Amino acid sequence: MSRTPIIAGNWKLHMNPEQTAEFVDAVKDKLPDPSKVESLICAPAVDLDALRKAAKGSNLHIGAENCYFEDEGAYTGETSPKVLKEMGIDYVIIGHSERRGYFHETDEDINKKAKAIFANGLKPIICCGESLETREANKQEDWVVGQIKAALDGLTAEQVSNLVIAYEPIWAIGTGKTASSDQAEEMCKTIRETVKDLYNEETAENVRIQYGGSVKPANVKELMSKPDIDGGLVGGASLKPESYLELVNYQD
């Protein structure tokens, strides 16, 4: 099974619409063939319209950084997956450790969001990852496997084949620390084996698994050389056109 690599920028709470348009203008003609690498930017909700308009006709896919699990209703401040689909968005990040930590999102919330995202014809990027304390206690596999089982509960094999799982050890996000390529591969392999146990070998071979946590041009090639790492979820290094282009064109 040949899985198309996917490099996704997660802009977090950075960039305004003007900066977004300038960024896309700088990268849109230099992106790799989408059959070789899928190039994705996940932007704040206030930038999505500018991103969509600027990226029109290019190889750049567009993602949101979060959504709610209801399409509409009295949910002040939330983002509708239905409206994201109507806007032409492709992916939605859910379960990021910053959402789990700062906004107290639970595994149940993330599972509901995954179902709502699929119900609206979008694709989730489901984040998982352990704290430094969990790793030092050598309980990282149990922790991440538990997150995966909870997030995928009730999803079909076909749905799981079409989603992306992003392994982001919390201790490596924005810290400059990176899991070694062997540590990252070990956990991504465990995630794939978990999908196989929950579904079947075909589903496990189809699902794409990213590594996230201080991914940058200097380490992307080594990470992407590992058999179970299919992409990167990139924070700070995705904010500058030059470094983003180095990341998505890592095969050159």
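Glycine is no exception: its Cβ is also placed from the backbone N, Cα and C atoms.
Annotated in Swiss-Prot:
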- Asn10, Trp11, Lys12, Gly174, Ser214, Gly235, Gly236: substrate binding site (BINDING)
- His96: active site, electrophile (ACT_SITE)
- Glu168: active site, proton acceptor (ACT_SITE)
Site diameter for substrate, Å, by largest Cα distance between Asn10, Trp11, Lys12, Gly174, Ser214, Gly235, Gly236: 14
Fewest other Cβ within 10 angstroms of its own Cβ, chosen from the recorded positions Asn10, Trp11, His96, Gly174, Ser214: Gly174
Cα separation, His96 (active site, electrophile) to Lys12 (substrate binding site) (Å, whole number): 10
Rounded Cα-Cα span from the residue listed as 'active site, electrophile' to Trp11 (substrate binding site), Å: 13
Cβ-centroid neighbours of substrate site Asn10, Trp11, Lys12, Gly174, Ser214, Gly235, Gly236, 8 Å, sequence order: Ile173, Val234, Ala237, Ser238, Leu239
Residue among the recorded positions Lys12, Glu168, Gly235, Gly236 whose Cβ has the most other Cβ atoms within 10 Å: Glu168
Whole-number Å value for how far Glu168 (active site, proton acceptor) lies from Gly174 (substrate binding site) (Cα to Cα): 11
Spatially closest candidate among Asn10, Glu168, Gly235, Gly236, the listed recorded positions, to the residue listed as 'active site, electrophile' (Cα to Cα): Glu168
Alpha-carbon spacing, Gly236 (substrate binding site) to Glu168 (active site, proton acceptor), which is rounded to whole Å: 14
Distance [Cα-Cα, Å, rounded] between Asn10 (substrate binding site) and Glu168 (active site, proton acceptor): 12
Euclidean distance between Cα atoms of Ser214 (substrate binding site) and the residue listed as 'active site, proton acceptor', Å: 9
